[in-house]
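Feature annotations, courtesy of TrEMBL:
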type	residues	note
TRANSMEM	B:12-35	transmembrane segment
TRANSMEM	B:42-59	transmembrane segment
TRANSMEM	B:65-84	transmembrane segment
TRANSMEM	B:96-115	transmembrane segment
TRANSMEM	B:142-160	transmembrane segment
TRANSMEM	B:188-211	transmembrane segment
TRANSMEM	B:264-282	transmembrane segment
Amino acid sequence: MKKMLLTGVLLALSGAGAVKVGVLLPLTGAGSVSGQAARNGYLLALDEINRSGGVLGQPLDLDFADDGSSPAKAVPEFVKLVTVDKVDFMAGGVSSATSIAISGPAKQYGTFMAWIGAAAVPVEDAFADHKYFFHYHPWSYYNFEAILDYFKYLKRSKGAKNIAIAYEDGPFGSAGINDTVALFKKAGFNVVMSEKFKTGSGNFGPLVSKAKAAKPDIFYWVGYDTDALPLATEIKQQNLDVGLIYGTPPSWPVGFEKNKLADNIAGLSLWLPSSPQAESRKFVAAYRKKFGNMTEEYFAPLAYVNLKTLAAAINRAGSTDKDKVAAELARTNTPTPFGPLTFSKSNKTQYQGFKAGNWLHFQFLGDSRVPVYPVKFAQKPMVWNK
Amino acid sequence: MELFLQTLLNGLLQSGLYALVASGLALAVGVVGIVNFAHGEFLMIGAFLAWGASVYLGVDPLLSLPLVAVAVFAVGALTYRVSIRHVLLAPELNQMLLTFGLGILLQNLALMLLGGNTRTVTTPYQGSSLRLGDLSVGGPKLIAFGLAAVILAGLYAVLYRTTLGRQMRAVAQNRRGSQLIGIDVDRVYLIAFGVSCGLAAVAGVLVATLLFASPTVGLVFALKAFAIIVMAGLGNLTGVLWASVVLGVSEALVQTYVPGGGGWSDAVFFLLIFATLVFRSFRGAR
């Protein structure tokens with residue numbers, strides 16, 4: 001009896017039986033700003049979940065791993081979480097390249113994945129037949145739908161006609177670039193430049209010279225946070241005469257908004273701390289209380305929503321059975337800082353969360369990100385430099 | 001024509017930074033005889049020190065440059081004393097493993113202490129430029145180029161006009177012979193390795209001003225520095241200059257004139273290494 005009691009106490013103390021969620025994030029490398037923001041979102045959600053009784057009567061257990069923003073590192077980290085640490089569910093995932101890399105082992109082990117990032121269509125192709133893949137972040141064609149809508153508005157209101165595109169040569173920037181160019185053309189734009197660059201190289205001189213020769217109205221770049229300041233610097237130094245510089249990195253460099261070179265640069269975000277929605281205000285207050293500051297990176301609330309909805313689904317399912325949890329997660333209908341979250345089919349996957357309608361367009365104005373489009377959400381008029 | 005001239009200018013300006021990184025590496029290879037795979041990490045230390053001085057002390061990165069150079073010289077000298085000197089007579093593979101391990105150690109220390117975020121500095125001259133007709137020359141790049149030219153000229157003067165420089169060249173040519181005529185070889189190695197690291201740090205300060213600081217920022221430049229010293233000939237300091245110009249201008253031309261050239265820019269230095277090695281072996285065979 002004593003032995004059984006002791007075993008029970010030891011089990012309880014060791015957390016055995018607790019639901020374990022593995023979280024794979026780029027805590028270092030090119031995607032680290034998003035990864036670090038997401039980590040904070042997960043930690044905040046974990047606090048709230050465990051304060052309100054945990055999952056299946058036990059405190060939820062998170063097991064973080066760093067994919068280093070590198071597919072080569074992501075695969076062993078993912079396999080270790082699934083096979084050695086034996087996590088019940090996998091969450092996280094920011095980069096498309098790392099997500100493609102782990103798609104093989106994920107399907108091999110039938111891993112349940114509640115995934116927050118990876119917007120590139122090849123990721124959608126890779127997970128199209130995976131029945132436990134829940135994708136929260138909009139796919140790139142949803143992002144593009146939102147961008148095209150904004151650019152059409154600029155065409156109507158500012159006469160924007162010529163677009164120069166600069167894109168990083170990994171899957172994030174390159175996948176679907178031909179479709180992007182074709183759709184811009186179909187919408188009546190002239191794509192006057194479409195150039196690749198190496199993310200993190202910082203060498204944008206020739207690219208900006210080419211853009212200058214092409215005389216664009218909009219300079220549109222797809223890359224990572226490491227590219228933002230070198231690109232903005234080069235554009236300023238070469239005096240590129242352009243109506244709008246528009247970038248879509250997953251995150252922006254820390255403190256970028258305070259740099260004068262960031263002024264008037266526009267971008268895309270699922271969320272901004274100034275969002276007036278009740279769920280967003282609650283998130284902002286809780287985040288400030290826990291971390292003493294505020295982030296502008298949408299991966300923080302996205303990770304928060306990701307873990308909260310996964311935990312709620314496990315609780316509703318009453319077990320860690322993947323089919324039951326998938327069925328419950330698929331029924332999610334909850335308010336979030338981004339608006340209501342429900343899952344529906346995308347072009348190829350079964351469970352897609354946020355879509356084109358969730359995107360906001362902002363501009364760096366006066367040291368912060370200010371929503372400028374859709375017009376009904378605009379807090380200041382946008383600045384057009386031409 | 002304007003695009004062509006601007007492209008040449010872009011490449012030339014970029015080569016100043018490359019020359020600065022590569023000259024430090026050439027010094028380590030030429031004088032100490034060790035291929036320092038941690039060279040990029042000493043650049044990273046310089047970039048972070050400049051960033052720290054800017055953010056926490058409000059000191060302009062360029063003003064912090066002398067102090068950063070001296071600090072990283074000291075780190076380099078200490079690294080030599082603690083680790084490098086013990087493998088100088090060991091097989092080359094052991095030397096490479098040591099410096100490679102050192103690089104990983106420094107990079108991971110930076111990750112632990114500072115995290116993986118990209119850090120940027122703000123300077124009043126960041127977006128400034130000089131206009132030459134329709135051409136423009138970025139202010140920070142021009143400063144970096146000028147500084148690189150001055151530092152390299154200074155290094156050249158030290159090597160060819162001072163006793164220490166003569167000792168360095170003597171040690172580079174013949175270690176044992178130098179010992180026989182009374183040169184303190186260990187001291188020369190320590191200074192050369194320290195200066196090599198200091199030069200990497202100076203380049204790091206410029207990188208922080210032009211781009212950003214991050215634990216992995218050194219890798220890109222270290223790879224290019226390796227390409228340059230291979231092109232120049234291992235340890236050939238004067239050759240570093242033209243090799244840097246060849247690399248910088250080649251990259252710029254490829255980026256501007258080859259379709260999708262931005263994606264090929266990293267292949268340029270591999271191609272140049274390949275071409276150099278083939279050319280050398282061809283010349284050697286004659």
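Heads up, the Cβ atoms here are built off N, Cα and C, so glycines get one too.
Bear in mind that TrEMBL entries carry predicted annotations, made automatically and left uncurated.
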Range from B:12-35, B:42-59, B:65-84, B:96-115 with most C-beta pairs under 8 A to the transmembrane segment (B:142-160): B:12-35
Folded-back contacts onto the transmembrane segment (B:42-59), same chain, C-beta under 8 angstroms, at least six residues removed: 21, 24, 65, 67-69, 71-72, 75-76, 106-107, 110, 114, 119-123, 196-197, 200-205, 207-209, 212-218, 221-222
Long-range neighbours of the transmembrane segment (B:12-35), counting only residues six or more past its ends (CB under 8 A): 42-43, 80, 84, 87-88, 92, 95-96, 99, 137-138, 141-142, 144-149, 151-152, 155, 168-169, 171-172, 175, 188-189, 192-193, 195-200, 202-203, 206-207, 210, 221-222, 224-226, 228-229, 232, 234-237, 240-241, 243-245, 247-249, 251-252
Contact set, same chain, for the transmembrane segment (B:65-84): CB under 8 Å, 6 or more residues outside the stretch: 32, 34, 38, 42, 45-46, 49-50, 53, 98-99, 102, 147, 189-191, 193-202, 204-205
